[in-house]
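The divalent metal cation binding site annotation in TrEMBL covers D9, H11, H43. Among the features that TrEMBL reports, 4-CDP-2-C-methyl-D-erythritol 2-phosphate binding site is placed at 9-11, 35-36, 57-59, 62-66, 133-136, F140, R143. As annotated by TrEMBL, domain '2-C-methyl-D-erythritol 2,4-cyclodiphosphate synthase' applies to 3-155. Annotation source TrEMBL lists site 'Transition state stabilizer' at H35, T134.
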Amino acid sequence: MGRVGIGYDAHRLVTGRKLVLGGVVIPSEKGLLGHSDGDVLLHAIADALLGAAGERDIGHFFPNSDPRWEGASSLIFLEEVRELLKRAGWVVENLDASLIAEAPKIGPYLEAMRAAIGRALGIELTRIGIKATTNEGMGFPGRGEGMAAMAVASLEKA
Ligand SMILES: [Zn+2]
């Protein structure tokens, strides 16, 4: 029988930071603030995978206090999660994530994101769903103060 997990994350948008979403650098005047690259989408996905495995969250494994993760690509987090799942005997059945952001349009980058995530986790692209929506101008994503992401993941025993 499989397991499911859920992940949620939010980061503030600030000037002077690269915007990295789903492991892909996207041209933008603002980027997401964070100890790592602030990749809100990958953080939500990592938490969904960890949750499905019954593990603690991303902040436990990759704490802000650890200089190793300063400015780190969040793809490294997914690679670490992949190893952790492998050791515990789990394989990823599928994952699905939604980005909540007013701008920019990420449609042109979706396939590159899926490819980056697939490489980091070692899974086929058909197991990876990535979507984006605006918040219709409401709340912090709507005002462009930040971005949020939600993800679910399903694991099976290897
Ligand atoms: Zn985060």
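Including glycine, each Cβ sits where the backbone N, Cα and C put it.
Because the structure is a prediction, the values reported are computed rather than measured.
Listed binding-site residues: D9, D66; maximum Cβ neighbour count within 10 Å falls on D9. Take the CB of N135 (4-CDP-2-C-methyl-D-erythritol 2-phosphate binding site) and look out to 10 A: across all protein chains shown you find 16 other CB atoms. Closeness to ligand 1 is met by D9, H43, these being the binding-site residues among D9, H43, D66 whose Cβ falls under 6 Å from the molecule. For the pair T134 (site 'Transition state stabilizer') and R143 (4-CDP-2-C-methyl-D-erythritol 2-phosphate binding site), the Cα-Cα distance reads 10 Å.
Sequence-distant neighbours of H43 (divalent metal cation binding site) (same chain, 6+ apart, CB under 8 A from its CB) are G7, D9, H11, I58, S74, F77, A149. R143 (4-CDP-2-C-methyl-D-erythritol 2-phosphate binding site) carries neither a helix nor a strand DSSP state and counts as coil. Mean predicted confidence for the domain '2-C-methyl-D-erythritol 2,4-cyclodiphosphate synthase' (3-155): the pLDDT average there is 97. Same-chain residues that are not part of D9, H11, H43 yet have a Cβ within 8 Å of the Cβ center of the divalent metal cation site turn out to be A10, L32, G34, G38, D39, V40, L41, L42, A44, M147, A148, A149. Of the listed binding-site residues, namely H11, H35, R143, the sparsest Cβ surroundings within 10 Å are found at R143.
Cβ contacts within 10 Å of P63 (4-CDP-2-C-methyl-D-erythritol 2-phosphate binding site), excluding its own Cβ and spanning all protein chains shown: 11. Its Cβ taken as reference, I58 (4-CDP-2-C-methyl-D-erythritol 2-phosphate binding site) is surrounded by 25 other Cβ atoms within 10 Å in the chains shown.
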